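Novice: Heads up, here are the entries from Swiss-Prot:
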- HIS270, HIS327: heme binding site (BINDING)
- 21-41: transmembrane segment (TRANSMEM)
- 85-102: transmembrane segment (TRANSMEM)
- 136-156: transmembrane segment (TRANSMEM)
- 173-193: transmembrane segment (TRANSMEM)
- 208-228: transmembrane segment (TRANSMEM)
- 264-284: transmembrane segment (TRANSMEM)
- 299-319: transmembrane segment (TRANSMEM)
- 322-342: transmembrane segment (TRANSMEM)
Amino acid sequence: MTNSSALSPSSSAVAPRPGALARWLWAVALLVIIVVGVGGITRLTESGLSITEWRPVSGVLPPLNEADWVREFEKYKQIPEYKEINLGMTLAGFKAIFFWEWLHRILGRVVGMALVVPFVWYAWRRAIPAGYGWRLFALTALVGLQGAIGWWMVASGLEYRTDVSHYRLAAHLLTALFLLAGLVWTARDLGALARDPGAPPARLTGAAIGVIAILFVQLLLGAWVAGLNAGYVSSSWPLMNDHFVPEGIDWSGGAWLALTNDPFLIHFLHRWWSWAAAGALLLLARTLARRGARAEACALVIVVAAQMLLGIWTIVSGVSMWVAVMHQVVGAILVAVTAAALHRLGRRSAITEVS
């Protein structure tokens, strides 16, 4: 055997390693939850517009000297947020908000590298089981799309607005949560394959799609609450400023505009749709328990209860930053736990897939 053939992908190939792939995806899922948390801090500290350019490579390093800091600060001074809200901000104040946006972007890159590098390695070693290559590629590509959506979101606040579009913020957050769910689902499939080489991948049931739809609405409303700062319109619970249906809803532009843009109405809907989401998830937990998956059922009940309590605490605290961040982090954990629960109840039938 020649040296060149010894180094070829075919000769270095190993048997598929679904267990190792599953552990890798679980680690990346944890990273995604961390990024979601830092994203919440970035939003709540109003740091998201502090970096006015998208430099995927050169932007890795922060300003390294005073001249670089002044240059970055001058760029920030050109956007409406500085002129209308932060006029007079000191360089020290700018450095504080710059840090969180920079960290959020760096962690996003870390997630990207944590997917791309192992994926290329496992693909080169031919260690990816048949039927999973396309799925792992899609998850890896989704990180790149998420980065582009993040910049698209930031760009919405650089010219005419003092904040980002709540529609784009929702797209950014929901894409991250979709990625998280995909990582968990695929990790569970690979874990099952590691235990049983003949295990087929799980498929969503009709009931599962219904649960996802209900949860999706709640997550969308939560993202809009965040993007519109709607959490601040009421700090009382269960009533909103002594009313069940809050005063202050602007219906002048029509019902659809109010439904998608009015902070009072969106806060109200997020507050009460949470009970529909909780009910659907508790029914899911009941089904899990009846089918012997008591650990998954207990985990789901605990996370649902924690998220409901954190939501109420966020309201009555007047959107205390760390409480609100925990609400966002536990929301991400809830997505992961729900994905795992739905996978446990998924349909399984032997099918032929292509890698």
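Placed from the backbone N, Cα and C atoms, the Cβ positions cover glycine too.
Each of these features: where is it, how hidden is it, and who are its neighbours?
Specialist: When secondary structure is read from DSSP and collapsed to three states, HIS270 (heme binding site) falls in the helix class. On its own chain, HIS270 (heme binding site) has GLN218, LEU221, GLY222, TRP224, VAL225, ALA230 as residues at least 6 apart in sequence with a Cβ closer than 8 Å to its own Cβ.
Beyond the ends of the transmembrane segment (85-102), by six or more residues, the same chain brings 38, 41-42, 45-51, 59, 62-63, 69-70, 72-73, 76, 162 to within a C-beta distance below 8 angstroms of the stretch.
Counting residues 6+ beyond its ends, the transmembrane segment (299-319) has Cβ neighbours under 8 Å at 44, 231-232, 234-237, 271, 274, 278, 281-282, 284-285, 288, 326-327, 330-331, 333-334, 337-338, 340-341 in the same chain.
Residues of the same chain lying 6 or more positions beyond the ends of the transmembrane segment (322-342) and with a Cβ under 8 Å from any Cβ of it are 29, 32-33, 36-37, 39-41, 44, 176-177, 180-181, 184-185, 188, 204, 208, 211-212, 215, 219, 222, 226, 231, 281, 284-285, 288, 293, 296-297, 299-300, 303-304, 306-307, 310-311, 313-314.
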Novice: Just to confirm: which same-chain residues, 6+ apart in sequence, have a Cβ under 8 Å from the Cβ of HIS327 (heme binding site)?
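Specialist: In sequence order, the residues whose Cβ lies under 8 Å from that of HIS327 (heme binding site) (at least 6 apart) are GLN307, LEU310, GLY311, TRP313, THR314.
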Novice: Should anything in the same chain at least six residues away from the transmembrane segment (208-228) have a Cβ under 8 Å from its Cβ atoms, list it; otherwise answer none.
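Specialist: Distant contacts of the transmembrane segment (208-228): 40, 43, 163-167, 169-170, 173-174, 177, 260-261, 263, 266-267, 269-270, 273-274, 276-277, 280-281, 284, 328, 331, 335, 338, 342, 345-346.
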Novice: Between the stretches 21-41, 136-156, 264-284, which one has more Cβ pairs under 8 Å with the transmembrane segment (173-193) than any other?
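Specialist: So the stretch in question is 21-41.
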